[in-house]
Amino acid sequence: MKRHVFALARGIAMFSLFGATADADAATQGVPAADLSITVSDGVTTVNPGELITYTIRAQNAGPDPVVGAIVDDTFPTGVICGVLSNWTCSGTGGGTCTATGTGDIHDPVNLPAGAAVQYTVPCFVSLEAPLNFSNTATITSAVTDPVPANNSATDAINVIASIFIVAQKRWSGTPMPGGVITYTIRIITQSNTNQTDNPGDEFVDALPPGLILQSAIADAGTVVADLPSNTVTWNGGTTPGSVVTITIQAQVASTADGPIANQGTLSYDANADGSNDTIAPTDDPTRPGVNNPTVFNLPPRVPIPALTPMLAVGLLILIALTGAWTVRMRRH
Ligand SMILES: [Ca+2]
Ligand SMILES: [Ca+2]
Ligand SMILES: [Ca+2]
Ligand SMILES: [Ca+2]
C-alpha cells in the first residue's frame, strides 16, 4: 500500500515538473515562441464632435523568435471615422514589414523579426453624432506561441464633449392672395450627440403677422398649440440626435392684407445640456441662400383707385344730376 502511494506522488511530481518547463522546452526544443505586443493611442482624452484625431498603433516583437504573417486588426468604433478622408499609413523598424497604406479598418498581415516593430498612423475625425464615450481596441494575433498574451490587445478610450445644435427650416406653400390659405412647414432638425429634453418654456414659437389669420397647427411629435386669439403657434417637446420634427401651420391671408408677408418662428433649446433652454435661433427659409432668412411671399398688387380731385368731383356731380333728370323724365312717360 505504501509503495502505491509513493508511486502516485512521484507521478504527480513528474507531471508538475513537466508542465512548468513546457514553454521553456518549446523554445529550446525548436517550437517557435515570441512575445508580440500592441499599443494604441490618440494622445487625447476628450474631443469635440467633428474634431480631427490621429491614432498611432504600434505592434512589436520582443522575441525570442521571428514571426511571419501576424495579423494586426483595428475595427474602428462608431463615433469615429478613420482612414477615409485620407489613408492610414504604416512603416516598420528593425526589419518589420506591413502594408504601406490603406483605407478604413485595419486587417493587415505583418512580419516581425525579434526586436522589430511596425507603426500605423491613422487620421480620423469624430462624428457629429458620436456617443459621449467610445473606445478603440487594436489586436495582434499569430500562430506562434506567445508567453505573454495579455499585451496582444490594447484599448484607447475617448470622452466626447456634449454638442447640441438645432436648426429650424420654414417653407411656405398655398395661395398667396387675400382670402387664400397658406401652409407653413417647419422642420426642427437636431444635430447633436445627446438627447434634448422638453425643458421649461416653449421650444418653438411662431407669432403670425397681422396679414395672416391662424387656422390650425399640427406636429408629428411633441405638443403643438394653435392659439387663434393671439395668432400664435407654440410647440413643446424633446428631440433625439439626428431627429426631425415637422410642424405644419395653416393660415388664411386677411382680406385687407397687402404687400409681401414675412414671417419667422423662434426656436429655443438647451445648448449646454443643463435642463434649461439658453439659446434662441430664428427659423430659416432653406430656399433662400444664407442662414436666418425670414419666410416671405408676395401678394398680387391691388388695382389702384384714382384720387378724388376737384375736377373729378364736379364731373361726378354732373353725371349724378343728369342721371337723376333722365330717370324722372322716363317715369313721367
Ligand atoms: Ca504578447
Ligand atoms: Ca418645453
Ligand atoms: Ca441650458
Ligand atoms: Ca436660408
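Cβ coordinates are placed from backbone N, Cα and C, and glycine is handled just like the others.
A quick note: this is a predicted structure, and the numbers were derived from the prediction, not measured.
Per TrEMBL, the features are as follows:
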- 269-280: compositional bias 'Polar residues' (COMPBIAS)
- 35-156: domain 'DUF11' (DOMAIN)
- 173-278: domain 'DUF11' (DOMAIN)
- 269-291: region 'Disordered' (REGION)
- 1-26: signal peptide (SIGNAL)
- 307-328: transmembrane segment (TRANSMEM)
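Tertiary neighbourhood of the compositional bias 'Polar residues' (269-280): same-chain residues 162, 164-166, 194, 196-197, 199-201, 203, selected by CB-CB distance under 8 Å and a gap of 6+ residues from either end. With helix defined as DSSP H, G or I and strand as E or B, the domain 'DUF11' (173-278) counts 0 helix, 55 strand, 51 coil. The residues of the domain 'DUF11' (35-156), classed with DSSP into helix (H, G, I), strand (E, B) and coil, number 4 helix, 73 strand, 45 coil.
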